[in-house]
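Record features (TrEMBL):
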- 7-341: domain 'FAD/NAD(P)-binding' (DOMAIN)
- Cys53-Cys58: disulfide bond (DISULFID)
- Lys62, Asp325: FAD binding site (BINDING)
- Gly191, Ala192, Ser193, Tyr194, Val195, Ala196, Leu197, Glu198, Gly283: NAD(+) binding site (BINDING)
- 361-470: domain 'Pyridine nucleotide-disulphide oxidoreductase dimerisation' (DOMAIN)
- His461: active site, proton acceptor (ACT_SITE)
Amino acid sequence: MDGRQCYDLLVIGGGSGGLACAKEAAQLGKKVAVVDYVEPSPRGTRWGLGGTCVNVGCIPKKLMHQAALLGGMIRDAPHYGWGVAQAPHSWATLADAVQNHVKSLNWGHRVQLQDRKVKYFNVKASFVDTHTVCGVSKGGEETLLSAEHIVIATGGRPRYPTHIEGALEYGITSDDLFWLKESPGKTLVVGASYVALECAGLLTGLGLDTTVMIRSVPLRAFDQQMASLVTEHMAGHGTRILRGCAPEKVEKLPGQQLRVTWVDLTSDRKDAGTFDTVLWAIGRVPETASLNLEKAGVHTNPVTGKILVDAQEATSVPHIYAIGDVAEGRPELTPTAIMAGRLLAQRLSGRTSDLMDYSSVPTTVFTPLEYGCVGLSEEAAVARHGEEHVEVYHAFYKPLEFTVPQRDASQCYIKMVCLREPHSWCWACTSAQHGEVIQGFALGIKCGASYQQLMRTVGIHPTCAEEVAKLRISKRSGLDPTVTGC
């Protein structure tokens, strides 16, 4: 077959979803290959095997988030009797530690593939026909790979606003931030996504002068009351937030600084500021442009560029699949891609017919005040079921840890959005460490637990999570539903 190598399964993309699918299939007896290639960012940043999450997403973000939280803990420490002096933060030390950990994960993924006898190709892939892919190495060498089944798991990359003068030449994205050897200094973060707010929050927490520019609303896909609490907390803890503004130009000044000109969309008034770094966090685009999908007949959404898939993760070509961020209508979350990849491998191996359930997926926004949620937002619940059928139980509360250092807890809030009948529920909260809390409540929702059942659970005292078991106040009436009979 003209020198081509043949496999049962070929996975295009070495991120979390692709690797999970490949390793699962190999463990179930399939002959598997993975092709992965990282195009350098416009600033020249590149990384190893593992995809966005490992290299320029969840992992380095969480480590830097933790570094920022430690700064707050150091400020709290004297209140608890520790004689700790507030020392300046060293970006170089943090960056070196984070990057070394990421490199160890890159190596670990290589070893895992080798242990499971998955063939790894560091090549850029494009379709030749419905069963064949051509991989081109960095040196230009071509390899033909054919497979009975092909899985596309190429993810996405940050979007640049190419219509803005100087944006591409002088800006960076999350693809670059975590690999900077030197501090970004005074930073303008443009965007309102969770990536924008997380990056701005951790930069502020590390002691950097940070501004967020939001064109419309923050965290558009999330509960807007909760989003407001997140941004209020950020603003109250040092992050400058420019609302209703849009950048128009980025210019390089002598001495490496950047001058950014923007417009206030309400008044049409222009303003400008000087920054050391401009970070674009305005969304992501799927990595499909170089795949030559038309050669295989794989259809995409003409607006988003994402690959159209069905409930089986199959594309318009039945033996070609797409999982993770590159697929249309899927949550852009690492754990969903991993589970979808594993289930797909199991179905292809005849071990199960189970499909990935994308409903009620829990997630956390790792802003300084973490925002965890699962299920529908209040707005989505009202839109879907009607306001008369929705009941919201809610409360502000103060974590015990905030009391001794007298931290402001005015944005610590919890809400449960329920259907009045049969009182099924979803949940959202803001507080410290809520990424660790939300998982257990996700299980309750997945199992169909009712509000009444949750109220019969015993809280773990004294924790933030126990506040859920105390939710008795109805947002609609302001009354205790155990008294009113709601």
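Positions of Cβ are set from backbone N, Cα and C atoms, glycine also.
Structure with TrEMBL features highlighted.
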{"residue": "Cys53", "record": "disulfide bond", "Cβ within 10 Å": "23"}
{"residue": "Cys58", "record": "disulfide bond", "Cβ within 10 Å": "17"}
{"residue": "Lys62", "record": "FAD binding site", "Cβ within 10 Å": "16"}
{"residue": "Gly191", "record": "NAD(+) binding site", "Cβ within 10 Å": "25"}
{"residue": "Ser193", "record": "NAD(+) binding site", "Cβ within 10 Å": "23"}
{"residue": "Val195", "record": "NAD(+) binding site", "Cβ within 10 Å": "24"}
{"residue": "Leu197", "record": "NAD(+) binding site", "Cβ within 10 Å": "28"}
{"residue": "Gly283", "record": "NAD(+) binding site", "Cβ within 10 Å": "15"}
{"residue": "Asp325", "record": "FAD binding site", "Cβ within 10 Å": "29"}
{"residue": "His461", "record": "active site, proton acceptor", "Cβ within 10 Å": "9"}
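Of all the binding-site residues in the list Gly191, Val195, Gly283, the shortest Cα-Cα distance to Cys53 (disulfide bond) is found for Val195. In this structure the alpha carbons, written CA, of Asp325 (FAD binding site) and the residue listed as 'active site, proton acceptor' are 39 Å apart. For the NAD(+) site, the Cβ centre of Gly191, Ala192, Ser193, Tyr194, Val195, Ala196, Leu197, Glu198, Gly283 serves as reference, and the other residues of the chain with Cβ at most 8 Å from it are Val189, Cys199, Pro218, Leu219, Ala281, Ile282. Per-residue pLDDT, averaged along the domain 'Pyridine nucleotide-disulphide oxidoreductase dimerisation' (361-470), amounts to 90 for this model. Each residue contributes its Cα atom, and for Gly191 (NAD(+) binding site) and Cys58 (disulfide bond) these two points are 18 Å apart. Between the CA atoms of Lys62 (FAD binding site) and Leu197 (NAD(+) binding site) there is a gap of 13 Å.
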